[in-house]
Amino acid sequence: METSYKGGNMTTCFLIPPKVNSPGILASGNLTKILTYTMPHLELQLALIFTISYSIHYFLKRVGASLFVSCLLAGLILGPTCLGRYETMRKVLFNHESQDMINTAARFGFSMFLFLSAVKMDAGMILQTGHKALSIGILGMVVPLAFSVVYEKLYRDDFPEENERIANLRAMVIQSFTSFPVIACLVGEQLKITNSELGRLGLSSALVADTLGNFGTIVLSLVKRTNLFFAIKNGIPLLIYFLVLVFIIRPAMLWVIRRTPERKPINTSFIHLTVALAIASEVYFHFVDQMQFLGPFFFGLAVPAGAPLGSALVEKFSPFSIGVLLNLLVTTSMMRADLWLIISQITKLKTFTTAILSINATMNEEVFALTAFSILCNATIVPILVKLLYDPSRKYAGYQSRNISSLKPNSELRILACIHRPDNVDSVIKLIDVCHPTKESPISVFALHLIKLVGRSTPVLLCHQKQKPVSNSSSQQVIHAFNLYEQTKWDTVSVQTFTAISSSQLMHEDICTLALDKRTPLILVPLHRTWSIHGTIDSEDQNLRALNCKVLEKAPCSVGIFFDRGRLGRRSVKASSHVSVVSLCMIFFGGGDDREALSLAKRMVRSSNASLTVIHFVANDNKTKSSTEDKMLDDEELEGLKQISARNESVVYRKYEVNNGPETVLIIRSFANLYDLFLLGRRFGIVSAQTTGLSEWSELPELGIFGDFFASKDLKTRASVFVVQKQKQINRLR
């Protein structure tokens, strides 16, 4: 391949057949000769680009910069701003002859990025957009478009001739809206605020702006020459495309999805066919004189979001297409920018603005460099500023009491119960029954079914009293189970069911937000570990464990982690009355968490079908590290318990004096199989003589020392356990 320049024109000669694979460095004799072969040349370019990109990202990610910024900086380093000024880089490693191959790969990555971003979009959500998001989306496009039109009117002489004005307006429309895929990447992958109020608002408004922008672009492309015949001629191929997409291709996709068994992967051949049709859409849009990248985007919108097809496409193609090829596009695009040219052109902003807003204006090297620099500044500064100025967890701060201890004796108990699998429902219902709901002291349950967000960008929070249930069968099982339970307990328990579809890293936002909105004093979450009927550990979900830890850290109210090892619900028979009872045991050491657990235990024992034993461990040396006020609150709670015990034979108070942690464990082990349900305070980070020597052996700190002991593999018990953490309040002990 040879390139020559004559009179400002470039002539490139290609060798047919092309030389792709080299015989090796030993056979070739030198490195320069190897670079005449396409494949090793491309491999060397990719290795250099990604080595520099990820080396930069290794350091910048600590300050919150994204990989996108690192790729931009890598492009600056390899381009004419830095290393590209040297002849070796310009004429050997990144010469003109090698650009076609690497640019083809990069452009394919951009097409796949738009296609997969559209797959993750739920276009139907635009019909559910609120007034605020709708207004922001429209204004976010109309305001910059208005400024562009005014600028074009003021400097009309700098723009091309009159018959290109509609084409210029099309360019202004393109520049006036930020596409949904860009906002989705910023909100989800960089800022991780998808589930926050700001994140949902940004995604919804971007969806509105993207819809209006793409619609305006297509309409203006059809009428750009103010010729009705031309508009009809160009519009018919587009109309045919959308008719085929809506009435043939999408129904075919839905038919394949219906024939795929639930929780089974979709046929690989159909996945490959879908991608091939998306690429064919790009070719089709090119031939009908439209923006070719809109083809894969519109085709992606036709793909049903979520499992099994949408999620399969994202999981299969996203790592390489977006993780490799799109980053390659960012780097190679930035390699064309020479930022040194900005210094001489910084005062010529008028030329820059005109070139951006005009469809046929020449974007010279100076304008391109200034554009690239502005993108780099925005990509670096905006995410960092948002992280500094916006923290979604601030609204969870505990300025008001939202805990069980602060409730009046016969007030309604509101519980947010988190469900991950249908088998969690039975355990939650058992625990609610133990809480003894009555007409005088009812319980309101807000059941939140959490589903992992797969193959879509926008999280969903549905209230099934107001909206239709999702098509997910497990969600329907959860809804049906709680509806039946509410019917059987219609006068004592009310249930509202919700479904949250979001990423596992951000599910805690949905939980905390719903708890705040519904003013619940207690969030109930299942433990990540489950047991078989034989008492052995059956499974562990580390994603669920990470979620529980985030809920404990961010929750606006008290949190309870519950695990059922099989005994709860199998009530024993009280010998004196031959009535089945559930036996409860509350282990008390002192502190806010233990007082919260004791408050819940007192509610449970109001029932004649429950018995409560409170076991109080105190240190022999009486050296406690609790504050005087904390000690007074403990004594007050225990004194009230003793009075209840004197009136009610179902309530028993026992006190043990111990010297250290192992002695405490030995006593607990002796009665670990005597009760159906243990209530514990988490007591995280509290040091006392009763627990000395135990924290070093803790595997699950989210359960506290003794919650971890009851969940350990070594303890052979069938008792269920409820670990309580009291609401973290600001400037308050209670």
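Cβ coordinates are placed from backbone N, Cα and C, and glycine is handled just like the others.
Please treat TrEMBL annotations as automatic predictions, because they have not gone through curation.
Taken from TrEMBL, the feature domain 'Cation/H+ exchanger transmembrane' applies to 55-342.
Residues or ranges marked as domain 'Cation/H(+) antiporter central' in TrEMBL: 444-575.
Here TrEMBL flags 583-726 as domain 'Cation/H(+) antiporter C-terminal'.
Panel annotation: around the transmembrane segment (42-60), residues 35, 67, 69-71, 73-74, 77-78, 93-94, 98, 101-102, 105, 324, 327-328, 331-332 of the same chain, lying at least six beyond its termini, place a Cβ under 8 Å from a Cβ of the stretch. Annotation comment: TrEMBL describes 42-60 (among others) as transmembrane segment.
Positions annotated as transmembrane segment by TrEMBL: 67-86 (among others).
The transmembrane segment feature in TrEMBL is assigned to 101-121 (among others).
The annotation transmembrane segment is assigned in TrEMBL to 133-151 (among others).
Under the heading transmembrane segment, TrEMBL lists 171-189 (among others).
The transmembrane segment annotation in TrEMBL covers 201-223 (among others).
The transmembrane segment annotation in TrEMBL covers 235-257 (among others).
Annotated transmembrane segment per TrEMBL: 269-287 (among others), in sequence order. If one looks beyond the transmembrane segment (269-287) by at least 6 residues along the same chain, the residues whose Cβ comes under 8 Å of a Cβ in the stretch are 111-112, 115, 237, 241, 249, 253, 256, 293-296, 298-300, 303, 309, 312-313, 316-317.
What TrEMBL lists as transmembrane segment is 293-314 (among others).
The transmembrane segment annotation in TrEMBL covers 326-347 (among others).
If you look up TrEMBL, you'll see 367-390 (among others) marked as transmembrane segment.
Note on the domain 'Cation/H(+) antiporter C-terminal' (583-726): DSSP counts are 59 helix, 35 strand, 50 coil.
Taken through DSSP, the domain 'Cation/H(+) antiporter central' (444-575) splits into 40 helix, 44 strand, 48 coil. For the transmembrane segment (293-314), the list of distant contacts is 110-112, 114-123, 214, 217-218, 241-242, 245-246, 249-250, 253-254, 256-257, 260, 264-266, 270-271, 274-275, 277-279, 281-286, 454-456, 501: same-chain residues at least six beyond its ends, Cβ to Cβ under 8 Å.
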